[in-house]
Amino acid sequence: MTGRPRLREAIDVATTALAGAGIDSARTDAELLAAHLAGVDRGRLAAIDEPDADFFTRYDELIGSRALRIPLQHLTGSAAFGPLDLLVGPGVFIPRPETEALLEWALAQRLPEDPVIVDLCTGSGALAVALATHWPLARVIAIDDDPTALDYARHNAESTTVEVVRADVTAPGLLTELSGSVDLVVANPPYIPTGAELEPEVAEHDPAHALFGGADGMAVIAPIARLAAGWLRPGGLLAVEHDDTTSRQTIETICGTGCFATITPHCDLAGRPRFVTACRTTGGSARLAGVGAPAPAEARGSRGRPNPKEPA
Ligand SMILES: C[S@@+](CC[C@H](N)C(=O)[O-])C[C@H]1O[C@@H](n2cnc3c(N)ncnc32)[C@H](O)[C@@H]1O
């Protein structure tokens, strides 16, 4: 990693400390925190001059904080999401690598050059900003009901045309003016069933409001399916992330609106059931794709675990 003996030794010591604190990605985190302090990419650590004493004091402090299971992203102030580096911190959900699977699916869809896109439960604005960057002529509306999340979303969306809106997506009659005009609705809502066991980084640092979706994890997903049914034009697309134990319920909920066809389960990059997509029909009948086929293994998933994105 580095030819600087003191830095190499400090990273080795930090790795041991973080592993001892139960952090699976100990070396990655130790190197990313050193790179953050040095102001370089992780891959450039070997090329920096031996840091001064002040660096090592600050590095020890950062490693001490990480050993207390403060999320890496709160210490660096940023989270990688697809091609983006987003500002994050206490009070906002840290975007997860598994949501990149939904993003990749969305980016692969054929939409008009100037689509109307809605990102429900936008948090830091991750999906909205990534989609607005890909479709610069799009109208992208990013909705969340939490003021702290919305502050982060506004910051992250600064160089885009994303419209950030404060609203409760479970409230009836939301933005009825969008009726029948939206090309794509994406959502990564709170979906963990109440009582699920979580890693300390998640349980103590992600807002509970961003995590839990009621006893069955479906409390926000069900209203989202109804909202999307009202907003999407015929042929418009819906993609909703869900807990890896609730793929079937999500499919059934979307099907239950009677407004979607081609309802399809998808896995994340780790192979866990992670999101469902569907296409708005003109009429009221929903057809299922992939239902009846054996569902992928439904085991507790990665939202409950710290999952820092590792740069290549
Ligand atoms: C799991 S986070 C996802 C954030 C973002 N979409 C992402 O992928 O990083 C869920 C977000 O939903 C928001 N939220 C929870 N309930 C909501 C509701 N009823 N209406 C609007 N937003 C809600 C939370 O504030 C949180 O920012």
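Any Cβ shown, glycine's included, is placed from N, Cα and C.
Break the domain 'Release factor glutamine methyltransferase N-terminal' (9-77) down by DSSP state and the numbers are 51 helix, 0 strand, 18 coil. What TrEMBL lists as domain 'Release factor glutamine methyltransferase N-terminal' is 9-77.
Under the heading domain 'Methyltransferase small', TrEMBL lists 107-192.
Non-local neighbourhood of ASP144 (S-adenosyl-L-methionine binding site): CYS121, THR122, GLY123, LEU150, ALA153, VAL164, ARG166, ALA167, each in the same chain, at least six residues away, with C-beta under 8 Å from its C-beta. In this structure, ASP144 (S-adenosyl-L-methionine binding site) is part of a beta strand by DSSP. Marked as S-adenosyl-L-methionine binding site by TrEMBL: ASP144, ASN188.
Residues annotated as substrate binding site in TrEMBL: ASN188, PRO189, PRO190, TYR191. Around the Cβ of PRO190 (substrate binding site), a 10 Å sphere holds 22 further Cβ atoms from the protein chains shown.
Residues or ranges marked as region 'Disordered' by TrEMBL: 287-312.
Around the Cβ of PRO189 (substrate binding site), the same chain contributes LEU120, CYS121, VAL169, GLY213, VAL220, ILE221, ILE224, VAL240, GLU241, each under 8 angstroms and 6 or more positions distant in sequence. Among the binding-site residues ASP144, ASN188, PRO190, TYR191, the residues whose Cβ lies under 6 Å from any atom of ligand 1 are, in sequence order, ASP144, ASN188, PRO190.
Confidence for the domain 'Methyltransferase small' (107-192), expressed as mean pLDDT, is 97. Per DSSP, the domain 'Methyltransferase small' (107-192) is made up of 23 helix, 22 strand, 41 coil.
The Cβ neighbour count for ASN188 (S-adenosyl-L-methionine binding site), using a 10 Å radius over every protein chain in view, is 27. Within 8 A of the CB centroid of the substrate site residues ASN188, PRO189, PRO190, TYR191, the other residues of that chain are CYS121, ALA187, ALA210, GLY213, VAL220, ILE221, GLU241, HIS242.
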